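Peer 1: As annotated in Swiss-Prot:
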type	residues	note
COMPBIAS	11-21	compositional bias 'Low complexity'
REGION	1-25	region 'Disordered'
REGION	295-344	region 'Disordered'
REPEAT	204-217	repeat 'LRR 1'
REPEAT	229-242	repeat 'LRR 2'
Amino acid sequence: MGTRQTKGSLAERASPGAAPGPRRERPDFWASLLLRAGDKAGRAGAGMPPYHRRVGMVQELLRMVRQGRREEAGTLLQHLRQDLGMESTSLDDVLYRYASFRNLVDPITHDLIISLARYIHCPKPEGDALGAMEKLCRQLTYHLSPHSQWRRHRGLVKRKPQACLKAVLAGSPPDNTVDLSGIPLTSRDLERVTSYLQRCGEQVDSVELGFTGLTDDMVLQLLPALSTLPRLTTLALNGNRLTRAVLRDLTDILKDPSKFPNVTWIDLGNNVDIFSLPQPFLLSLRKRSPKQGHLPTILELGEGPGSGEEVREGTVGQEDPGGGPVAPAEDHHEGKETVAAAQT
């Protein structure tokens, strides 16, 4: 699969000394990339998970910058921003409107996108600007694709999906975690997962279902089993094909305190069109973990303590690739440094 390439493979293919061929120089590559992705989605129904398209756009953006095609790279970045829910089209909007985040489902991605916009539109003559761009693109590619999942599974990735699933569901969950991330799942596979959760549910603290190809209907199929896990604290559903419709279902089920009784976070980043989290969703999570004391949100510019209970605690609640929480940012610049450190 295309996204299995290593972080250095793109650099080897598009090194500064290499003369690109005519096909790779096409100025409308980004447009054809989007058209091909849309055509595949039309033929395959739900289509590929959106991270395939987004990673391809990041890699093409880096290639354009290496070739000095900053104007085209800026246009491609605009399309990537819109694909990720950052609908603004001007640089000022990107740098200032999104300098403080409100209820974003994936603040790490948005922070990296803002940093990319700065390097593309406001390049600094001093220092290794290209090296900084390459690092940002590596971080964004890593965050938007299942590289970390493949690395965690190590030996399992060489097996077929059914063998991987069987290995993970054999015995008790290690470290109280059911980690199926990166393993493509079918509706029939979910029956086995449901049976496993019912059998071992008392031991499960975390369920990882990122990059498994889940659709809204598949999540709804799992919800009865997931919502009754007594110790579950984190549920990862990132990198799938989920839409805002399932977010409404999750918000409704969280209104019942007997469902997901101990959950503190549900990761819905890098899906089709889930870009922000409604306050009822966040408040329901907060009620389940009052000692945590923070909503996973950053105040918008101009908002203050008088803006309401739901935005009184302005910190980002997310996890880095290693699974630990990222420290809250006091302002945008500090947040950028924190995120970069977490992704290095």
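Residue numbering: from 1, along the chain as shown.
Glycine is treated like the rest: Cβ placed from N, Cα and C.
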Peer 1: DSSP says what for the repeat 'LRR 2' (229-242): how many helix, strand, coil residues?
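Peer 2: Counting residues per DSSP class in the repeat 'LRR 2' (229-242), I get 0 helix, 3 strand, 11 coil.
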Peer 1: Can you work out the mean pLDDT of the predicted model over the repeat 'LRR 1' (204-217)?
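Peer 2: Computed over the repeat 'LRR 1' (204-217), the mean pLDDT is 96 on the 0 to 100 scale.
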